[in-house]
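To start, the structure itself, in structure tokens.
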């Protein structure tokens, strides 16, 4: 206890702490008390057992460490913002534009395809140092993520390992479809965010309308901590509502940040928005609520601390403003990252203890604790597989040995690097809370590594289902690079799936959209010298049932000698699973009395899973079905695992046809933005495609339409929209759910499938 109090004495200037309170299991909890100059607090529990391992230097390092992602809807300016951040922090010496018109391209878009198309395809990691005013030097790990929905897994795995994020919004378009998706992903992993309204130099920019959209569409308390000085061509700087100062970017590329008094003409607006900030904070922070109710005025420091507390607690999002392209307001975003987003010791991370029936255990981000790290991203580099790892506790050293919790293989770490886009810098050691990469370790995305002292496993990221497929074959047969490339891509990207259709003898690739698959086909040509022929895109239909159906099936076959015998009795029923919900058990055995020996039960489950792999209606996978085995019989000589597996398969197929089977098709959320003059034509085309208009908004001379449309009806929409809007319209599309097709479409699909099967006979 004395040693613990000595740590409190050392860190009182840095952390806001009350005296330790003793709780059960000799755990001493740090409690947040009055505000201080930083507003930091230590969330992780400190126990009597681990207090000896806390190094003051390690705590100081963690306090000035941030792991952030930059996420947004496509074309909101994420990569441009990251480029400016790297320039202002001294990581790069010159700024290059995203599309690579100067032959260079943005640093974080290192892939040739990214520079050609002007989009981010793969998330890229880097790190930089930022001197936040008088508070010292901060180390920031940054992951720049794609905005296109087809590459949503890149956002998913980045947010899985990050402590905070910058949500970038276009000052004209505001909250768009992929913004809502990113918001949902941030909530899934409980990632606090600051919001940056970018592109305020564009015609029609309206930041206060965007803040209202954040509140209404994202359902999060948000308020401006800045207001712009001018808009569109007159954008000159920002006013800080907390510090009550104006900031201008001057010099080459806006390197110099000049502090001045607030312009006289903005005093009234700034006062209104500061009061709005206080009112919104009072809704989520008790200390500001007390001041507000007593009709007091909070100080700048009280506001800073309240914004930080409520942001870290994920109750509030401070909104900053500027234009990355015009070099305005970017340095203040870096200040906000240091001021408002959590450090690794303030984030609650857990693992599953495999020795304690997967009981949840807290991870403490200190370097002297046993090592635990998560491999969240794989890349096939010129030196072999590059594995990105987030170190959750302990330290990782070059030359040390780590154990894969899934395979239990012990491997040596031959090379340890920090990534700077496609460049790397060798390091000897990385501490807890850091993000790094290593070579020479064979693993899969989502694997947990430990040093062998602990038997822990981290939960993996959410992986959405694929929505589109197409057949793929190399132009030149017997090429080894074809299968090698597909294997590598599958390992890198969990949403890219490869299967082989035995009947058509075709390789089928599946993914999140046409662009997703197109990129992989192009990468195969460029990186592996394999030209491929692709078939017509196929929608990822699914099959399911609408009612309960009983089964009683006997599989009996006599072949001379020992035969095959297995009888299964039970029922199948539909499962209702909401989006992102944990799936319920789809197989359940209620057999008692040994009517079916326990060693045959797994074979029954395998037979049922065989049936799920290929439905009876059109040969697509079956989803949301539960199989309940209630009874059965066996034969002492003729029964076998194979017999019960076949009995379950045939029983499922028979019951499936009696359970009102339906075909499900993927429904997409489609968001279209186009000039107002083309609204009628665009809406008419959506109606023609049997889309359901969810809502429409008018923003100056533009309109935004959101609709739900079947993916099967969306092929060729890109060219249609261009011709309808004279090339001025743009749209984005993301998967929402699977819904039953219309009865007449189901009949057509079934007839087409029967015809196809008959031709193969």
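Glycine is treated like the rest: Cβ placed from N, Cα and C.
Record features (TrEMBL):
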BINDING   72-79, 144-148, 198-201  GTP binding site
DOMAIN    63-345  domain 'Tr-type G'
Site with most surrounding Cβ atoms, counting all protein chains shown within 10 Å, from the binding-site residues 72, 200: 72
Integer average pLDDT (0 to 100) for the domain 'Tr-type G' (63-345): 86
Cβ neighbour count (within 10 Å, all chains shown) around residue 78 (GTP binding site): 27
C-beta crowding around residue 148 (GTP binding site), within 10 angstroms: 24
Sparsest-packed of the listed binding-site residues (75, 145) - C-beta count within 10 angstroms: 75
